[in-house]
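The following features are taken from TrEMBL:
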BINDING   Asp447, Asp453, Glu456, Glu457  Mg(2+) binding site
DOMAIN    38-152  domain 'TRNA-binding'
DOMAIN    394-469  domain 'B5'
Amino acid sequence: MIISLREINKYMPEINLDSSIEKSINNLGYEVESIKQFSDVKGIKFGYVLDVFKNENSKNLNIVSIKTNTGIITIQTTATNVKKNHWIVAFVEGASKGEIVFGKKEMAGVVSNGMLASYSELGYDSSLLPFDPNGVILLDDSSINEDLDPIKYFNLDDYIIDITTPANRAETNSYYVLAMELAAYYKTKFVWPNLLPKDNYRFRSNIKVSKNEATELTFFEARLKNNKTSLKDILFLAKHGINAKGLYAIDLTNIALLVAGVPCHVYDKNKIGKSLSCSKFSGELEILGGKKVSVSDVLAIKDETGVISLASVMGCENSAVDENTKEVVFEVGLFDPLLVRHGAREIKMDTASSIQAGRALNSQIVFNGISFLKYKSALDCQSVSQIVNIPKVKKGKSVIQSRKKLSIYANCNIKDLSIFDDVEKTLKKIGFSMDKNRVIAPTYRSDIQHYEDVIEEYFRFYGYSNFKPEAPKLELYKVAHSVDNKNILQSLGYNEIRTFSLISSEMNILNPFNFESTVKLMTFVSKEREEVRNSIIPSLLESAEFNLKRKINNVSLFEHGMINDNKFVYGLLSNEKSFDEIKQDIYNFLKVDNLEFIPFKDNELIHPNVSAKIIYNGCFIGWIGKVHPSYNASNFWVAEFMNVNNNLKVEFNVYDPSPLKSIDLTFTINSNEAIASKISEINEISKSFSIMQIDSFTNGDKRNVTLRVTGSFEEINKINEIFNKK
């Protein structure tokens, strides 16, 4: 959005704005892309043309006699539009444009005391003006005199500000909203005309309107007493980069877009019918500029005979206003933004109107737009009708107020929210209303949907710079070790299976964990699924036997599943691996080294000669071995165990590069006694690196077992002091 500093200052007449407005606009949540001086001229003067005649010594030069406030001077020019008894603007001796300073110069035998100015030399883009670009400024204005400063007359001491507005707030693309918020921010008076949409009309329109596919569709008629745009309005549009046509009705629609933020169209009343409506159209039509286009399903404004414009996109040639137009119809609508954008794509052209209407507007913006058009027309002495089908403005969005939430976002206690007392007064100036429980948004705000949106308004007007910066309380970054246990078992050579946790009561007799009760279903689908299994091994054996029947002879399976009352275990089965290999797999999976494997001889369904209990920190966590042949005659090694690694804390020790030492210890034990008790005794004394059995000799009812213990020098000394001194 482009705005003029001098223009926006008119809505806040009690203060004088300067270039520091950039900071204020940024503080309100907008983004100033650039701010630059409009003109770089100094010392220019108004002059009254006394006479114009040709320089006989030159083919192109004309001599102009000018009366200024310092006397009569002569200036030569090549411009052909200079006339007697009109006012011109002159770069007199001593005036400057940028770094160029003007002085006297003799041309074709005549001294010229400066240069006559054109609009482009004052800073305007001549391509946007309906004047001859080769001509100089020529005015017939009774309010001008020799002492009047042209810089003030043309508002050349101005800044042009390019602003990026919030994407979700289309209404901010207007002087109305921006000036209102700035006035509230500066705590100064906001001056906006009393639009009085229902008053001050001179005649009644007999045109009928049907909204149909439009959300709002409103208009009024105007009878033009003067169809030429004033110089003031032409220069206003040119300052904002808009092409001024010089035709009053067309230029007024562009002024309304800038001031009120509403797209609108104007039609020659004598070229349209007496009934307007809005509906979709497909076919060929001729848009402004004489270009014929084919469109499909575009939203169009129609009369009895056909399309007169594409809704908020482009007018059609059959209803265009020209220099002969005396009666016009101004139309403003509220349309589906998606359909507006579709219409712009169909004609392959984006206009300022389609871009604005392609965002989320509302009935209040339409009301403001049609009311401003009527007000400005009446102000310019045009004869206007009543507004037909004036929009009904709905109450603003109501959201539940939460002082607690406000205090959390503001990082303060609820009792300290008094810092926002002045902010609440400011918010009321821009249309908010508040009570203890609710906040009602202004009618022109469509973006307020939640209380967080209201909090943003609090902070905008409180000022983000007023919040004291506080360093966040940061904790050391913790690495979350994500371990996929299933992938570990798969990498060890097992294939995952999924089986039912329900089995028959006949199969559910294996109970290695000695559960006191069995979970039985009160109702069940079949006898094969009547109890929750007490061990995962029956399910693994059943699956393995199924695979053997299918001639899959090498089987290694695992499952993570539920047993008994919501207990989860891992089950392993293999006819490819040995007892020791599965035992090592359990070590690798659990990642602990203080497991004990002791003979499992107290369960009649588990083979007593090849099975062992798995003990961790004195607790029974599972078993490894084979089931008793009386339960199942298959020759599979199996294991089931609980995961003890859920909350394993990884600790790092200082690395010791010293070479390890070893010691051999020989123990005499009973021939049927396990060596595990001696290994546990060694582990209690020292944290050794490894303990391996290297020899075993049976002598009658006794057995000599030799263990090789490897560890650091200090740990081996601990063992040596205990065992070799006995």
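Glycine is no exception: its Cβ is also placed from the backbone N, Cα and C atoms.
Curation does not apply to TrEMBL; its annotations are automatic.
The shown structure was predicted, so the numbers you read here are calculated from the model rather than taken from an experiment.
Other residues of the chain with a Cβ within 8 Å of the Cβ centroid of Asp447, Asp453, Glu456, Glu457, the Mg(2+) site, are Arg445, Ile448, Glu452, Val454, Ile455. Counting other CB atoms no more than 10 Å from each candidate's CB, the binding-site residues Asp453, Glu456, Glu457 peak at Glu457. The average per-residue pLDDT of the prediction over the domain 'B5' (394-469) is 91, rounded to a whole number. Broken down by DSSP into helix, strand and coil, the domain 'B5' (394-469) contains 39 helix, 8 strand, 29 coil. Non-local contacts of Asp447 (Mg(2+) binding site) by the CB criterion (under 8 A, 6+ apart in sequence, same chain) comprise Pro166, Asn168, Arg169, Ala360, Asp453. Taken through DSSP, the domain 'TRNA-binding' (38-152) splits into 10 helix, 46 strand, 59 coil.
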